[in-house]
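TrEMBL annotations:
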DOMAIN    5-54  domain 'Cytidylate kinase'
BINDING   GLY9, PRO10, ALA11, ALA12, ALA13, GLY14, LYS15, GLY16, THR17  ATP binding site
DOMAIN    57-195  domain 'Cytidylate kinase'
Amino acid sequence: MAFTVAIDGPAAAGKGTISRAVADKFGFAHLDTGLLYRATGRRTLDGTDPMEAARLLTPEDLQADGLRTPDVAQAASRVAAIPEVRAALVDFQRAFARRNGGAVLDGRDIGTVICPDAEVKLFVTASDEVRAKRRLDELLGKGHETDFETVLCDLQTRDARDSARATAPLKSAEDAVMLDTTRMSIEEAVAAACAEVVRKQAL
Ligand code: CDP
Ligand code: CDP
């Protein structure tokens with residue numbers, strides 16, 4: 001049976017961490033849709049046309065090292081504003097969402113555009129400063145040389161671009177449950193998300 005969990009929110013809010021934990025707990029498949037835009041954006045860094053880049057995507061591209069860098073994140077956010085690029089990625093995401101056995105998708109437009117009928121919708125947020133600190137620690141841990149101000153600026157630039165675009169902007173679905181993780185541990189955020197899944201499964 002299909003059961004879709006849609007998790008949206010701004011950059012570094014904890015979407016991926018929560019999604020992976022929910023998928024693990026309930027045995028659902030997980031798709032980090034940001035990787036589709038990151039892999040497309042990365043291909044454009046050598047001058048490839050964005051539409052061509054989206055068309056050329058292969059499953060291997062999504063596994064590639066180097067998708068988690070700030071440069072690729074900015075490129076992702078730029079290609080993500082192009083309606084034709086988004087359109088080229090819709091069918092794959094919808095097919096993934098309706099697969100048997102349940103699926104968790106995280107991104108910006110899952111609850112609003114990709115899966116408006118998702119059984120569970122969460123909109124995960126945290127203050128800009130907390131998100132920047134979390135992403136900074138993550139990047140420093142991976143050996144990147146960066147600092148708080150640079151990371152904060154990257155997140156805020158992307159959030160502004162993602163929210164302002166005309167097609168599938170970053171915004172909460174009207175029927176999404178808000179999860180502000182500013183003062184939550186990962187365990188608390190995961191528990192809140194799992195409780196929402198259990199609640200909807202019981203309906
Ligand atoms: O997927 P998204 O960009 O929204 O965020 P993430 O990659 O899941 O989380 C960004 C970082 O914040 C990770 O290093 C998480 O371990 C951390 N995090 C946290 O410290 N507290 C939370 N409640 C959620 C995530
Ligand atoms: O992990 P983080 O939240 O920093 O970024 P991501 O989820 O990997 O997404 C990278 C970029 O892809 C975002 O800034 C958006 O511009 C774009 N994106 C999107 O437009 N729609 C999605 N469903 C997922 C990502």
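Backbone N, Cα and C define each Cβ position, glycine as well.
Any TrEMBL annotation is an automated prediction that lacks curation.
The structure displayed is predicted, hence computed values, not measured ones.
On the structure: features taken from TrEMBL.
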residue: GLY9; record: ATP binding site; CB count, 10 Å: 26
residue: ALA11; record: ATP binding site; CB count, 10 Å: 22
residue: ALA13; record: ATP binding site; CB count, 10 Å: 28
residue: LYS15; record: ATP binding site; CB count, 10 Å: 29
residue: THR17; record: ATP binding site; CB count, 10 Å: 18
I need the neighbours of the ATP site defined by GLY9, PRO10, ALA11, ALA12, ALA13, GLY14, LYS15, GLY16, THR17. Which other residues of that chain put their C-beta within 8 angstroms of the C-beta centroid, in sequence order?
ILE18, ASP106, VAL124, ALA126, ARG131
Residue counts (helix, strand, coil, in that order) that DSSP gives for the domain 'Cytidylate kinase' (57-195):
76 helix, 15 strand, 48 coil
Residues of the domain 'Cytidylate kinase' (5-54) by DSSP state, where helix covers H, G and I:
28 helix, 8 strand, 14 coil
Just the binding-site residues from GLY9, ALA11, ALA13, THR17 whose C-beta lies under 6 Å from any atom of ligand 2, please, or none if there are none.
ALA11
